[in-house]
Structures are given as structure tokens and as C-alpha cells.
Amino acid sequence: MSKEKFERTKPHVNVGTIGHVDHGKTTLTAAITTVLAKHFGGAARAFDQIDNAPEEKARGITINTSHVEYDTETRHYAHVDCPGHADYVKNMITGAAQMDGAILVVAATDGPMPQTREHILLGRQVGVPYIIVFLNKCDMVDDEELLELVEMEVRELLSQYDFPGDDTPIVRGSALQALNGVPEWEEKIIELAQHLDSYIPEPERAIDKPFLLPIEDVFSISGRGTVVTGRVERGIIKSGEEVEIVGIKETTKTTVTGVEMFRKLLDEGRAGENVGALLRGTKREEIERGQVLAKPGTITPHTDFESEVYVLSKEEGGRHTPFFKGYRPQFYFRTTDVTGTIELPEGVEMVMPGDNIKMTVSLIHPIAMDEGLRFAIREGGRTVGAGVVAKIIK
């Protein structure tokens, strides 16, 4: 069969496997690629190809992640699988692999285990919007009642963390048997793929979201006014549109009178492009790096929030010593550092390098933020942690 050219016509969706160690996440990943390659074309990936995950760096943090891709009838999927629990924690917190939905793998022989719970909690904290459950190793359980019990436990656990436990699709399967080509278990992989297609909605593309541009630089051009530059994070900006300048100071409104790229005037700037935006009647000293330009009413400035944080280990270039409550590092959002203080959960006295922890942060200046915004924690310009805004307080 000749190689077909890659069709970009199908919607692209990012997913990943999560769940307890040895419950079969990597075997399932291999089974999905193998079974779907048979049915819809594409490349099958062997277990050891996936398990031997290459190291990547995201925000200075080393993460082992395997990336595979596969097709269903209607979609193209990019799928991440991590070998170790620590890699999952880092991946989810840094957003290195943003997931539109996750496949939670639970071994029917064990039921939910500590990391099952932790991955669901992390999913909730970092904003994984949809979870589908694959109940694995069902070939090793003869007792229908036991399967029903495990299923009930998983649904309760999901509901506990505000996922719709009662409505979550659960597929009973055996990744190993499917990988070995046993037809009845291959069917279960097809069933899982159908749930991926129907249960996870098509993600909104960055370009369709409301306009946002983090300001990197501000210039004053004589006779023309003030220009801010940066990379458009989402949406589209057209000349003549009104925008808000949000963060650090009081929110103000202005009009974009021109958009340029490489000194050429454009009709519009789009998500992913580095542009300069000329602002009407705004003085150079009224704007600074760290603020954002945004479509009016779409983002607000905040100082206090709950976050989920991963603290770099000494080996990753992080701190060599723990920190305690009252710790005052810099929090790096988009383009700028803001000093903040932290509060630790009740009963937690200190945080060790290599830990992940829920902490409440209070910044000295407000920053334009939404839940799900990623940040780095820095001391004197060196990254010592990575986090995500889980819940805005004020």
C-alpha cells in the first residue's frame, strides 16, 4: 500500500493515558495504536517503543513522555503516555502536554489505587476537561459482581472530584489481549475509540478564542504613538478594534490603530504571530511588560489564587533545601515576574524539592489570569518550580 499523504482535514484532539502504576497505561497505548492502525490505517507502535520514553524539557523540568498518534474515522489524535508517576505530575502541572481529555486506566484486578485518586485530583486541578475510563485486565476477573463493584468505586471517585461519575463512559477490556489480536478484546478498543470521538467535544482552537496578547515590549514612535509588541496568545486583533490593558495597574481601554509584523502593516494579527500593536492616545509610561492586551471584558486581574505546584528537585537545578510558609519567591506569568507570598495546606510545615503541593498564593500586583494559567516560580531569575492556577480567590 502506498503511503497516503497526511490529511489535515480531520479535527485534531490531544489525549493521554493516566492512572496507577502497572495498571496497563502503556500496554493500552500500544493496543490503541495497533488496533486502530488495522481498522483506520496509521502506524502501530510496540510496547517497548512507547515504554522507552525520551526525555524532554518543559520550563527547565525534565519529563519523560511518549507521544503517539492515531486516527479514528472522524478524528486525528495525539496521545501522551508517561512511564513514571512523577512524569505525570510534572506533565500535568507544566501543561507540557495539554489534554483535551484523558483515558483513566484502572486494573479490574486491583480497583482504584492511590495514584488513581491522585491523577483524578490533578486532572481536576489542572483543568483536564473530560475523563473516559478503561477498566483493564477484565480477562482476569470472572466475577461479574466484582467488575460492577470496581466500576462503582471508580464512578464514586470521579464524582468526589467533580467529574460526572455517573455519566462517564467506562469500557471493560484487556489491553494485553487486544494487543495480542484477540478479536473480542480488539472490539473493546474500537468501543473506547468511539467514546473518544463522541464524549470529548472538538476543542476550540486558539484562533477562535477571545483576543489576548501578553505585552513583551513597549516603544514610543514619534508622530505615531505607542507600540506594544508580543506574541498573540489567542484570537485575532484587527486595526480599529477596542482593547483593554489588563494587569499590574488599573484596567484601561484603548483602540488599536494599526497592527504590524516585521515593520509591515497588516489587516490583523492572529494567534501564534509576533506583532506590534499601535495604540491610540496611550503614553509610553502608562504601559509595561507583564500587562496584556485583551478583548474587553474577557479577562480580569487577580492577586490571590489556589494553585497546584511542582517543586524542582536538586538534580533539575532546583533548590537544595526545603521552603516553609511565608516563602516569598517571584511568580513568572507569561512575560514578567511578580513577587508573592504563599500559604501551605493545613498540617504541611515545609515543602521539599521534588514535591508537588497545593498552595495559596498572594501576589503584590494583580496579573491578568484565568484558571488554568501556567506560571513558573523563580528565585533571582532561576526556575525553582512550576505551577498552574487552579482556582481564583480574588
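Placed from the backbone N, Cα and C atoms, the Cβ positions cover glycine too.
Looking only at the domain 'tr-type G' (10-204), the predicted model's pLDDT averages out at 93. Positions annotated as domain 'tr-type G' by Swiss-Prot: 10-204.
Nonlocal intrachain contacts for the region 'G1' (19-26), taken as residues 6+ away from its ends with a CB within less than 8 angstroms of a stretch CB, comprise 47, 50-51, 66, 81, 83-85, 104-107, 110, 112-116, 119, 136-137, 175-176. What Swiss-Prot records for 19-26 is region 'G1', and it gives similarity to another entry as the kind of evidence.
Packing around Lys25 (GTP binding site) is summarised by its Cβ count: 27 other Cβ atoms lie within 10 angstroms of its Cβ, all protein chains included. If you look up Swiss-Prot, you'll see 19-26, 81-85, 136-139 marked as GTP binding site, on the strength of sequence analysis.
Sequence-distant contacts of Thr26 (Mg(2+) binding site), defined by Cβ-Cβ distance under 8 angstroms and a gap of at least six in the same chain, are Thr17, Phe47, Ile50, Asp51, Ser66, Asp81, Pro83. The Mg(2+) binding site annotation in Swiss-Prot covers Thr26 and is backed by sequence analysis.
According to Swiss-Prot, the region 'G2' annotation covers 60-64.
Cβ atoms under 8 Å from those of the region 'G3' (81-84) belong to residues 16-17, 21, 25-26, 29, 50-51, 53, 63-66, 68, 91 of the same chain, restricted to positions at least 6 beyond its ends. Annotated region 'G3' per Swiss-Prot: 81-84, in sequence order, evidence recorded as similarity to another entry.
Among the features that Swiss-Prot reports, region 'G4' is placed at 136-139.
Each of the binding-site residues Cys82, Cys138 was scored by the number of other CB atoms within 10 A of its CB, and the lowest score belongs to Cys138. If you look at the region 'G4' (136-139), the same-chain residues 6 or more away from its ends with a CB under 8 A from one of its CBs are 23-24, 27-28, 105-109, 147, 172-177, 185. Here Gly19 (GTP binding site) comes close to Lys25, Leu104, Val105, Val106, Gln115, Thr116, His119: these same-chain residues lie at least six apart in sequence, with C-beta atoms under 8 angstroms from its C-beta.
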